[in-house]
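Colleague: Can you read through this structure? Questions will come right after.
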Amino acid sequence: MLQTEMKVIQQTEIADKVYELILSGECVADMSPGQFLMLKPSRSDLLMRRPISICSYDKTAKTCILLYRVEGDGTKDFSSLSKGDSIDVLGPLGKGFDLNTIPAPKTALLIGGGIGVPPMYQLGKELADKGVQVTFVNGFQSEKDSFYEKEMTEYGTVHIATVDGSYGTQGFVTDITKNFPEEPDVIYSCGPKAMLQAVKASFPETKTYLSLEERMACGIGACYACVCPKAGDTKKQFKVCEDGPVFRADEVSL
């Protein structure tokens, strides 16, 4: 973990209220798939940092890409950043997808929902680099909300679901996965809790890893704002920012 200043290389709105922010900094060297950064807004009245998942990184160039949706004052503040600006960053944080301890799969299904799609990109890239056959299934509310389909096709097959049916399959990600003829060796998923519950229920026998989305205040496990009950004993809790955000599906009670 490192508190540092990162430099803005570029920022672009790539979908409705969704921004691609490219940053440069030394902390990129420590990044792994599934981790996140805590960004500090520039406005003095916004005291809390905001957690943003890491979409991708290039350790040689010392750059990373963050994708975020403008939903409140903090993310609105970030959207005003432009080339050459600096931003106060804490990270990289959290335990991401540890590909070294997972038996090498032949096939992997990566399921993302909304702003849970970004961390699937770097994960898919690294799995593909290992020779894994990657399938992405991304869910959005509407076509105007969708992003990164073209980028993901470089590393695997991409399927899109939209709730309103304006693009891809109408419905949810599970409306796509239920028609797959074979189950994958491993599943990785990030998105809203309802989606993660559906993914977990749809693949009870498949090794599944979930990246949880919870509101965070400190990002380092000190404030207990982002707890999640443990499976089998809901009186015990995980701190999502410190123990996760990635967990085995059988570890957590959603």
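For all residues, glycine too, the Cβ spot is worked out from N, Cα and C.
Source: prediction; values computed, not measured.
Dumping what Swiss-Prot says about this protein:
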DOMAIN    1-99  domain 'FAD-binding FR-type'
BINDING   Arg50, Pro51, Ile52, Ser53, Leu67, Tyr68, Arg69, Gly74, Thr75  FAD binding site
BINDING   Cys218, Cys223, Cys226, Cys241  [2Fe-2S] cluster binding site
Colleague: Take the Cβ of Cys241 ([2Fe-2S] cluster binding site) and count every other Cβ within 10 Å, whichever protein chain it belongs to.
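Modeller: Looking across every protein chain shown, the total is 27.
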Colleague: What whole-number Å value do you get for the CA-CA distance of Leu67 (FAD binding site) and Cys241 ([2Fe-2S] cluster binding site)?
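Modeller: Computed Cα spacing between Leu67 (FAD binding site) and Cys241 ([2Fe-2S] cluster binding site) is 18 Å.
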Colleague: Given the recorded FAD site (Arg50, Pro51, Ile52, Ser53, Leu67, Tyr68, Arg69, Gly74, Thr75), which additional residues of the same chain have their Cβ within 8 Å of the Cβ centre, ordered by sequence?
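Modeller: The surrounding set, listed in chain order, is Leu39, Leu66, Phe78, Ile115.
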Colleague: Near the Cβ of Ile52 (FAD binding site), how many other Cβ atoms are there if near means within 10 Å?
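Modeller: Neighbour count, Cβ to Cβ under the 10 Å cut-off: 22.
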Colleague: I'd like to know the mean pLDDT over the domain 'FAD-binding FR-type' (1-99).
Modeller: 95
Colleague: May I ask you to report the DSSP-based helix, strand or coil state of Cys241 ([2Fe-2S] cluster binding site)?
Modeller: helix
Colleague: Look up Cys226 ([2Fe-2S] cluster binding site) in the DSSP assignment and report helix, strand or coil.
Modeller: coil
